[in-house]
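**Student:** When I checked TrEMBL for this same protein, it listed these features:
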REPEAT    9-50  repeat 'WD'
REPEAT    51-82  repeat 'WD'
REPEAT    93-134  repeat 'WD'
REPEAT    135-176  repeat 'WD'
REPEAT    177-218  repeat 'WD'
REPEAT    225-259  repeat 'WD'
REPEAT    260-292  repeat 'WD'
COILED    354-388  coiled coil
Amino acid sequence: EDPSLEKHFKGHRDAVTSVDFSLNKKQLASGSMDSCLMIWSMRPQMRAYRFVGHKDAVMCVQFSPSGHLVASGSRDKTVRLWIPSVKGESTVFKAHTATVRSVHFSSDGQSLVTASDDKTVKVWTVHRQKFLFSLSQHINWVRCARFSPDGRLIVSASDDKTVKLWDKTSRECIHSFCEHGGFVNHVDFHPSGTCIAAAGTDNTVKVWDVRMNRLLQHYQGNAVVNSLSFHPSGNYLVTASNDSTLKILDLLEGRLLYTLHGHQGPATCVAFSRTGDFFASGGSDEQVMVWKTNFDAADYGDVLKTQKSGTSVDGTHHTLVEMDCGVHLKKTKPQDSGRNHAQQDEETSLANTLEHIMEQLDVLTQTVSILEQRLTLTEDKLKECLENQQKIIQNKTS
């Protein structure tokens, strides 16, 4: 079954920058350029909380592993820790000297890692709310920083076009991945901790093995990728792009599974729930959407088992020709009372089928043109071989 739109939250007054689910899936946090943090309830008829405190745009939000705290980073240069209740109390962390782009809790909930336009990555203790140390080798804004699942490594992504891997204990940079052709907007660890995925302004998603420091997979899209999130099973990756789409990549097959159209304008952020049965997205259209995953129902039971044993992405290098075989979810317009639902459904499904056929034709055209190119190359090679042979024969006879 295809992913489907489950809920639609409206309340932000500017672009949404970040989304995250609480552990129990009862709540969803979002941050926005409107300087507010919203906590939405997944239960019907429960009201949303709007948290006010940041003096400028909220760039990032994350629930602590237990769900009792929410961290946020802002353009006002501060990090805040909130208690997600009616009162919405918060404490302020100050150490960065520029916009804070990213906040992330370690899986034990004890530490917080933040990334900033001041070119540093900083680590804090959550309970003593104390700044511990800085990692400062990036030479441009740092967009994103994440702890590995075991908490021993930190990965960071920057506008200096590098992704850096750090050892938390020694505080040293153990490797720099420099293969990105643009700024790196987002990075995260695979649930097994053995690889990382990074999204960039060069329209790519790259997956690297952090044990061998080599590129495993490379997905070429046709728009800037703003955000990504691994499914807890480790088998899928969802991305949010400037062309307003969300894409679901099958990491085992190394191919694009679905392209989802929901947002009007750039899709800015995306995140799977902790069990993987939902994912949420935010856009510059001020909307927060929750999608039911559907395509992976069998895996939920196995998610916790896999996390313990650790799964790894297969080691082959895939380059992708963009082939959209997904069903496109268009925004539905308010129903016109004059026409019955059945008629409308039929029209929609017909439109979808036609769109699907058109896409398949595009794919075929693309494939044929690739084959033609290959044929031309082969012919040229053959011609070259024959000419060389002639020369050799001539040389021998003369």
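Backbone N, Cα and C atoms are what each Cβ position is placed from, and that goes for glycine too.
Unlike curated records, TrEMBL annotations are generated automatically.
Help me picture where these features are in the structure shown.
**Tutor:** Among residues of the same chain six or more beyond the repeat 'WD' (9-50), those with a C-beta under 8 A of the stretch's C-beta atoms are 56-63, 65-67, 70, 72, 74, 82, 84-86, 88, 268-275, 277-278, 280-290.
Remark: secondary structure over the repeat 'WD' (51-82) totals 0 helix, 18 strand, 14 coil, with classes taken from DSSP.
Note on the repeat 'WD' (93-134): residues 59-66, 69, 71-75, 77-81, 140-147, 149-151, 154, 156-158, 166, 168, 171 of its chain, located 6 or more positions outside it, place their CB under 8 angstroms from a CB of the stretch.
Over the repeat 'WD' (135-176), the average per-residue pLDDT in this prediction is 96.
Each residue in the repeat 'WD' (260-292) gets a DSSP state, and the totals come to 0 helix, 20 strand, 13 coil.
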